[in-house]
Amino acid sequence: MSSTLAGWLQALALVGALALCYRPLGDYIAHLLTSAKHWRAERCLYKVVGVDGDAYQRWTAYLRSVLAFSVASVLFLYGFIRLQNHLLLSLGVPQMSPHQAWNTAVSFTTNTNWQSYSGESAMGHLVQMAGLAVQNFVSAAVGIAVVATLIRGFTRSKTDRVGNFWVDVTRICLRLLLPVSIVFALVLVANGVVQNFHGFHDIAALGGGTEGIPGGPVASQEAIKELGTNGGGFFNANSAHPFENPTGFTNWLEIFLLLVISFSLPRTFGRMVGDNRQGYAIVAVMGLFWVASAALITLAESHHSGSALQAAGGAMEGKEQRFGIAASSLFAASTTLTSTGAVNSFHDSFTPFGGGITIFNMMLGEIAPGGTGSGLYGMLILAIVAVFVAGLMVGRTPEYLGKKLGGREMKFASLYILTTPAIVLIGTGIATALPGERAGMLNSGPHGFSEVLYAFTSAANNNGSAFAGLTVNTPWYDTALGLAMAFGRFLPMIFVLALAGSLAKQQPVPASAGTLPTHKPLFVGLLSGVVLIVVGLTYFPALALGPIAEGLH
Amino acid sequence: MSKPLPASVRTHWTALRLLLVMTAILGIAYPLLVTGLSQLAFADKANGSIVTSDGKEVGSSLLGQNFNLPKKNPDDPNEQAQPDPRWFQPRPSAAKYDPHGSAAGNLGPNSDDLLKAVNDNRAAIAAFDGVDPATVPVDAITASGSGLDPHISAAYAKEQVARVAKTRNLSADTVDQLVDKYTEGRSLGFLGQAGVNVVLLNKALSEQR
């Protein structure tokens, strides 16, 4: 079979598998977000935690719960990491510096999983499984919980209550993420991913010398790392490491896992608002960008432009033989379009345009399909903007799903859209202006600038992948990128929750002949255009200085 | 309690309790359960797919290794390791195949350092294997993502057959057949890319009598 045909088949198989999951998984998530019934185990848990599982919260109370849970998570994880060398299963790793521990704690709490440390030398097994992997679950759940409030904003009327944070997070963790993770962790082990509590196990290697075989609870972490669009590798090489991703099949499975929830959530949305066609329109836009991006990266990598890659005769630098160009490109497109950031190949060594598209993917705002929950709320904000733009064209107060989009709603949507680019561009600007931070670049010229641009784009969009040549374990980068991750996660959430509260208060208006239908191909095209124009106009100058300058050179 | 705590303190206390409960379930019980089941059902894979030769553990089938000549002076950290012609050679590695530090090179597509490394590798490998530099395959001269890649392309393996056969006094046919035997196709026929597992191939080679 030719490589091209195999490349197409793996993508088609992925589309098929995701399409099969769309309805059942989306409906299941809608059910768990709306059901009035608690499991007995959940009732016990609510009693222990001390919450009333039947009371809905105002958006302000919901927001306070989100922030309190995240603050508790950052502090707990920070303490855990700083103290890990005194705990069980620490494998004798040295104590982590305060700035790196801050960076790591924020990174995992915000679903970013940016890693300025390398797993095998800086983290013991206990902190990986009971610290980092726990955040892999709960940060993914927080994202889905927040989008649930936005959907409830459309479905509920004349109320100030948008949901119960504690119930939403508990159900998403226990009913969705945990069972799926158990199943796929076992599938990964069956294909070679390790799962044990050993430290490095020294053996006399065939080729001479001693080889330390690493161990750890890797498969259990790998499953949720992908499923929850987290992306933080157990090992430094992330999903390129053969113990995290041993075969072509596990590679395909990991891509599937990191896409499946975010691609199914539009169904949840359609289901909850009582019109499945609305979900199809949203998923169509997500799918369009994903297909285009995967195709363009594969094309760029197949043509291996760049002086060093031309001399090598192919873009295999930083890529694994068992994956090759097509599987690496598909992974790269999927991981940067979701907020995952796991990598099976190193983007810093991609072709100028291939690597540039990974940056552009993140700049889209992680919406196609985006992180668990955060992808859908990002896309819904852009849908609101698209409806507003259409409303301006015909001079009519815009409405989306029966809710009027007035000044208050548009202010929140605009603030959402402005936040991340502001963090990215200001952060990149400051870093490039500082000589010490410029020295952190591994590569020179436009590619060095791309490394810094990638870092801030990845942090502010909570992706977590990197042009990994940049030296980021410095007090400045750890602190600055930590702030970028925190603001990039929580400011947008504040605007989404405020918007949810504002929408829920409204009385729905009946659709009339003048209402823009938001389930037709026209709207899919309009929304895609808005996404491209908003992102393109914001980031074009920065992209021109980095990947475009390098690619056209 | 005589006085209820302020609302903001109560919310944080609730948050911490939920986090601790979740840590017990998702951070302790879940990995223990998966480890227990894995060790029962797939112990070999769960422990790193260790390969043995003559009853001794010699590596993992998933982790690439160096196959270099012993250093002339083992205490000299600057001495460059030289490839051992009796073994099939793996891809270049930014981690020098040390699993304590998996890593990629991260050099950009237009990097002068990468250009030099690629050209140097091409010349060195062509001389080592006695072939035309233009025919050296791309995987032989570029570093992998993990630095632990156990595979090379079939083309690179075939290029090394003559050299390995000669240094081991084996017939080229015998070595060629071993290469075919350890060539792994794509998963399920269409996922990923085919490759030759260097560790397994070299192990089979070392067991030839």
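Placed from the backbone N, Cα and C atoms, the Cβ positions cover glycine too.
The transmembrane segment annotation in TrEMBL covers A:61-81 (among others).
Per TrEMBL, the feature transmembrane segment maps to A:129-151 (among others).
Residues 28-29, 32, 39, 41-42, 137-138, 140-141, 144-145, 214-216, 218-220, 222-224, 227-228, 242-247, 249-250, 253, 257, 261 of the same chain lie 6+ residues outside the transmembrane segment (A:172-194) yet bring a C-beta within less than 8 angstroms of a C-beta in it. Under the heading transmembrane segment, TrEMBL lists A:172-194 (among others).
Summarising the annotation, TrEMBL assigns transmembrane segment to A:249-268 (among others).
Counting same-chain residues at least six beyond the ends of the transmembrane segment (A:280-300), those with a Cβ under 8 angstroms from any Cβ of the stretch are 7, 11, 22, 259, 262-263, 266-267, 269-270, 325-326, 329-330, 332-334, 336-337, 350-351, 353-354, 357-358, 360-361, 364, 367-370, 375-376, 379-380, 383, 518-521, 523-524, 527-528, 531. According to TrEMBL, the feature transmembrane segment maps to A:280-300 (among others).
What TrEMBL lists as transmembrane segment is A:376-394 (among others). Same-chain residues lying 6+ beyond the ends of the transmembrane segment (A:376-394) with a Cβ under 8 Å from its Cβ atoms: 143, 146-147, 150, 262, 265-266, 268-269, 282, 285-286, 365-370, 400, 405, 409-410, 413-414, 416-417, 492, 495-496, 499, 514, 516, 518, 523, 526-527, 529-531, 534.
Under the heading transmembrane segment, TrEMBL lists A:415-434 (among others).
The transmembrane segment annotation in TrEMBL covers A:480-501 (among others). Distant neighbours of the transmembrane segment (A:480-501): 58-60, 62-63, 66-67, 70, 102-103, 106-107, 110-112, 114, 116, 146-147, 149-150, 152-153, 160, 162, 374, 377-378, 381, 384, 409, 412-413, 415-416, 419-420, 423-424, 427, 430-431, 455-456, 459-462, 472; these residues of the same chain sit at least 6 beyond its ends, with a Cβ under 8 Å from one of its Cβ atoms.
Look at TrEMBL and you will find A:522-544 (among others) tagged as transmembrane segment.
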